[in-house]
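I have placed the structure first, in the form of structure tokens, so that the comments after it can refer back to it.
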Amino acid sequence: MGVEEDLEDLNALAESTDAAVDGQAALASAVDSVTLQPAPPILPPVIPPPAVPVVAPVPTIPPVLRPLAPLPIRPPVLRPPAPKRDEAGSSDSDSDHDGTAAGSTAEYEITEESRLVRERHEKAMQDLMMKRRGAALAVPTNDKAVRARLRRLGEPMTLFGEREMERRDRLRMLMAKLDAEGQLEKLMKAHEDEEAAASAAPEDVEEEMLQYPFYTEGSKALFNARIDIAKFSITRAALRLERARRRRDDPDEDVDAEIDWALKKAESLSLHCSEIGDDRPLSGCSFSHDGKLLATCSMSGVAKLWDTCRMPQVNRVLTLKGHTERATDVAFSPVQNHIATASADRTAKLWNTEGTILKTFEGHLDRLGRIAFHPSGKYLGTTSFDKTWRLWDIESGEELLLQEGHSRSIYGIDFHRDGSLVASCGLDALARVWDLRTGRSILALEGHVKPVLGVSFSPNGYHLATGGEDNTCRIWDLRKKKSLYTIPAHANLISEVKFEPQEGYFLVTASYDTTAKVWSARDFKPVKTLSVHEAKITSVDITADASHIVTVSHDRTIKLWTSNDDVKEQAMDVD
């Protein structure tokens, strides 16, 4: 009973489901059969526009035609030449279209700047390749062999101002050029000629090589002068050394006391006399060997002699006229009363005390600087702006020696007390010491930073003083070959330096700062400043007994300085 009721309930549920499905289908068909009407659109209310007054029409203006600016003119463009067909066909290219690449190359334009850059690059590459080629070539190192090969190659053996290394470099570049041009036959022929000449006369080549370094053979007169100077210097040096040993070994000799006495006299120096020397600035002065005469020279070309015996006045004795240009220096002979003058007319003249010209020394190519006598009195040294100094024979007037060695003009000169050495200084900021017996330059004293104008040997034999445009005075020790002391002496250039000629106990410097100063030779401290001149001081000199000092200046005056002790002694002698 229960089962049957369940089956009946299931059947009733299925029937109700089918009926619901049939009702939905009928409703859908009814909806499809009804036609839907579209709803009318909703429009906003229409607002009438505001009333606008009528405006008159704007008249039309015809357009104004303005001239156009001219087009810029382009510079001409250089086009490279089109490559040949065979070259274009044989060139390698990574692209597959060779025709397109050739066409683009033909249309490529190069500016003038690019062309110049390319030419410079090509030239630099050629020079580099030439240098590499030249470095790989074997070039002779001997200068004579270099000259011989240049001659065989048809080139000048030497050019003006050319040195050995420059000549060898020129040969190297020439050989590299011939090698690059393919002219190896000419090069090999020159090499074979050299080998043949070397094998034919090897002894002659050895003799020629032995003559190196180059030297100029001197005259017979110079040879005799060197012998005479050697004999004179040996005697003088022996006497100087003997005196130095005696003073060292003698217990009664007190060198310090002598130096103190000399410095005390120098400290008491005072102006004793002042005299107008010329109408033009004075340029040089010198005492005679006995101190009785004074010689001065000026820019007027005139030299004058003065009598110094009648202190406190100096009286003019003689006027020496002979130069055509300004006089640059004057010097008294250490043996005789002969005067030498130098001038900008490139000559030096020798005079006697009567005003007669004894000799005229001609040969310099430019104006002269300072002059000095050899201690023997037989020779005269002159300096010049032609970069040489010369040695002259007083007796014959012959030029014995023409010495080069400075790179610029030579101005100052001084002889050693023994006569064996001479020192020169110049505008190359260098001082050189020369051996007159051999002709060699034995010392080159470097230290000044500007031209050196004054040089002086000390009587002790081993000290040398130099002064220049760097306002300093340097003391050099010839034994140690170096600078011993540097004195910051003046506020302007130093025109001349002089050691006291008797013992060398003090040193005097003259400067363009209108002062002359006395310095101790023991410790190079200042002792006295002589400041009376109103313009540049050009020269200074000291008498042989160190009793008087004279200075000349551009203010045209001669100032004579004397120690007060000497003045008192003279007054006592007069009494």
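Keep in mind that glycine also has a Cβ here, set from the backbone N, Cα and C atoms.
It should be emphasised that the depicted structure is a prediction, and the values quoted were computed from it without experimental measurement.
Listed in TrEMBL for this protein:
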- 65-117: region 'Disordered' (REGION)
- 65-81: compositional bias 'Pro residues' (COMPBIAS)
- 83-99: compositional bias 'Basic and acidic residues' (COMPBIAS)
- 141-194: domain 'Pre-mRNA processing factor 4 (PRP4)-like' (DOMAIN)
- 320-354: repeat 'WD' (REPEAT)
- 361-402: repeat 'WD' (REPEAT)
- 403-444: repeat 'WD' (REPEAT)
- 445-486: repeat 'WD' (REPEAT)
- 487-529: repeat 'WD' (REPEAT)
- 530-561: repeat 'WD' (REPEAT)
For the repeat 'WD' (445-486), mean pLDDT (0 to 100)
94
Going by DSSP, how much of the domain 'Pre-mRNA processing factor 4 (PRP4)-like' (141-194) is helix, how much is strand and how much is coil, in residues?
38 helix, 0 strand, 16 coil
Apart from its near flanks, which chain residues at least 6 from the ends of the repeat 'WD' (361-402) lie with a Cβ under 8 angstroms of it?
218-219, 221-222, 225, 228-229, 232, 236, 284, 325, 328-336, 338, 340-350, 408-419, 422, 424, 426, 436, 439
Mind checking which residues reach the repeat 'WD' (445-486)? Cβ under 8 Å, same chain, six or more beyond either end.
237, 240, 244, 408, 411-418, 421, 423-433, 492-504, 507, 509-511, 519, 521, 524
